[in-house]
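Q: Got a structure here, written out as structure tokens. Questions coming.
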Amino acid sequence: ATKGGASTCLICLEKIRKIDPIWHCKQGCFAVLHLVCIQSWARQALSTSENSSAGRNSSSRTSPACWHCPKCRRDYPQAEIPREYRCYCGKEVDPRSDPWLTPHSCGERCELELGLCSHTCVLLCHPGPCPPCPQLVQLACHCGKLAELRRCGHKSFSCQRLCSKRLGCGVHSCDEICHEGECKPCSKFGVHRCRCGSVTEVRPCSQADFQCERICDKELSCKKHVCGKQCHAGGCGECELQGRRTCACGKEAYKDLACDVKVPTCGSTCEKLLACGLHRCPERCHAGSCVGTCRVLINKRCRCGSTAKEVPCYQDLVCERKCQHIRNCQRHACRRRCCDGDCPPCSEICGKKLRCGNHKCPAPCHRGLCAPCPLTVKISCQCGFTTLEVPCGADKDVKPPKCSKRCQRPQICGHGDLCKPHRCHYGPCPPCQLLCNKKLDCGHSCNQRCHGPRLTCPVLKGTKKERKAVISPIPGSPCPPCSVLVSRPCMGKHPAGSRMVPCNDESRFSCEKPCGNLLSCGNHFCRDLCHVVTISRALSNGTVVASGGAQQYDSCSSCRLKCTKTRDPPCPHPCEIGCHTGKCPACKVSLKKSCHCGTLVRTLECSAFGCLSEDERIELLSCKGPCHRKLENCSHLCSEICHPGSCPSLCSKKVTTRCACQRIRKAYQCFEVQAAREKQSALVPCDQDCLKAKASQELEEDLQHKQAADKEVR
């Protein structure tokens, strides 16, 4: 069986699946084979046996035709060719496949008879041989002194006492611990005589009966001959030459002939049957054996029957004709000289490549499929301590066995004995679990798992020629870039812009804050996000210092803002040349300035106008005419000469004012009228005439209202 539990058919070398019909050897090896394969195997074996005996007589067949198991070669009669798929115990035909049962099992009790007792197997239907009988029976030990209740399958046991059985010498007892089988011969030494009593030796009791090298030489009862036997006990017996005696051919008998007298020949023909079994000896009666070769001429036919002639009886007639019959292998001609038709089996070596793919068939040339490769292949672990034997050719699908020994390969990663030990294996050793700790160029130690070189050994299975496992190194990988976190400044070298980055990261980064370095204009600071800064110009002390004390950096962009300096003299217009160092140029903007009263407009240059004093500006902007601006509290115009600032608040113009009823009028200055209006007082009061006129007017209005009301009522 392979490591995964699946069996391999020795005929087709294919795996036996759970649903495949099978046959298993019940006599010796219990090998499991495909049912179709064993049926074909048995038919071919029977056919080969019949063909080999086709030319022989039926009387020469000593046993019926049979076939054998491909593994153990046990013979099976023709009647036992498997014709149906049965479970292991043979009760069920075509057992169903059940995932909860052993494949090809019926799931019932085995109940096959156990060989060493009368009990039956109590296991469920199972492959392989039945285990020893588990029944409890009363059994005695080997020496018979102790009897106890034991498993029937373990009948033989020792009581661990002295055996004490009487040994074969009849004097001593067995001094060994209770043992199985017959006691050993007595090993104690004693003084013993040989059978004739002439020699005495110190020998083991088991060898007390022995013969010496002397011949007996005692005189027999005839008093003419002596005993020729080797050392023996008892009497020598009668002389063998006494009694009735015959001549050499046995035809004439002599009585009362003395034992020391030689028997004469009778003179007739011997006529003893010669070795050929057909003719008799033609010589006269003679002592000793007859001639070995019969020379009678007879008419013989050669073995193949093609030639006939007279030859001496002892001589076989063999012609020169070569047999052209095809031997039982159906591949080669017989080619034997004068063949009798019973061509011998082919003597050529088959030489066909076996199903294993590694060897050629070593059997004599035959018909049909070759037998499975008889060799087995040992698959071992890498160190060779644990081995597994599988049929040759089936090793391709079998994994090497697991070994409980420690791997003996040295660790070449640099950690040596500090590495965790592991079991024997093929392939590369597992990676070392320790930290690398190699010194990097940056000064830090590598904090990754060990990635140094390892040893490996490829899996080598059975092949045509023996190969050795070559242990070769697997190169390690270089240390990865240093990942230790270090503090790195940003591109702008800002104090708060540093970050913790891996040591191997040399890339520059921005802190996303404004640069803040003084621009080349000397007035503003760089507002770009953090960027690479360089200083290419320097004074004797190494830096260019602006008025604020900040360093100037050439890598910052030029200032794109407008000039914000205050001109001297002050000017409301912006500088047209952008942000710059030093004083701004004179403003050339044309200013349109009106006079104080707004009557006239003059065009002036901004820088020229800014250089004038205040008095000069007032004098320049006066038109020398009346102001003509509307006063604030009245509708009159200013009467003064064009002047800066606001006009006077008190108007001196003459204004005519009437009473409330508009009957009386008088002339007053304008500021007096405005003051009376603010106080809400009448500047010209009404007199008595005004009151009377007002009363009469009110009466008329009342009369008109009444008349209008009467009309509405009607």
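Note: Cβ is positioned from N, Cα and C throughout, glycine not excepted.
Summarising the annotation, TrEMBL assigns domain 'NF-X1-type' to 117-135, 169-188, 222-241, 276-296, 329-348, 356-375, 413-434, 442-484, 521-561, 571-589, 634-653.
What's the neighbourhood like for each of these?
A: Look at the domain 'NF-X1-type' (117-135): DSSP puts its residues at 0 helix, 2 strand, 17 coil.
Residues 141-143, 145, 156, 158-163, 204-208 of the same chain sit 6 or more residues outside the domain 'NF-X1-type' (169-188) yet have a Cβ under 8 Å from a Cβ within it.
Within its own chain, the domain 'NF-X1-type' (222-241) has Cβ neighbours under 8 Å at 194-196, 198-199, 211-216, 258-260, counting only residues six or more beyond its boundaries.
Distant neighbours of the domain 'NF-X1-type' (276-296): 247-249, 251, 265-270, 312-314; these residues of the same chain sit at least 6 beyond its ends, with a Cβ under 8 Å from one of its Cβ atoms.
If you look at the domain 'NF-X1-type' (329-348), the same-chain residues 6 or more away from its ends with a CB under 8 A from one of its CBs are 52, 55-56, 302-304, 306, 318-323, 364-367.
Along the domain 'NF-X1-type' (356-375), the predicted structure has mean pLDDT 81.
Remote same-chain residues near the domain 'NF-X1-type' (413-434) are listed as 381-383, 385-386, 400, 402-407, 449-459, 474, 476 (criterion: CB distance under 8 Å, separation of at least six residues from the stretch ends).
For the domain 'NF-X1-type' (571-589), the list of distant contacts is 521-524, 559-565, 605-607, 610: same-chain residues at least six beyond its ends, Cβ to Cβ under 8 Å.
Note on the domain 'NF-X1-type' (634-653): residues 595-597, 599, 618, 621-628, 669-671, 674 of its chain, located 6 or more positions outside it, place their CB under 8 angstroms from a CB of the stretch.
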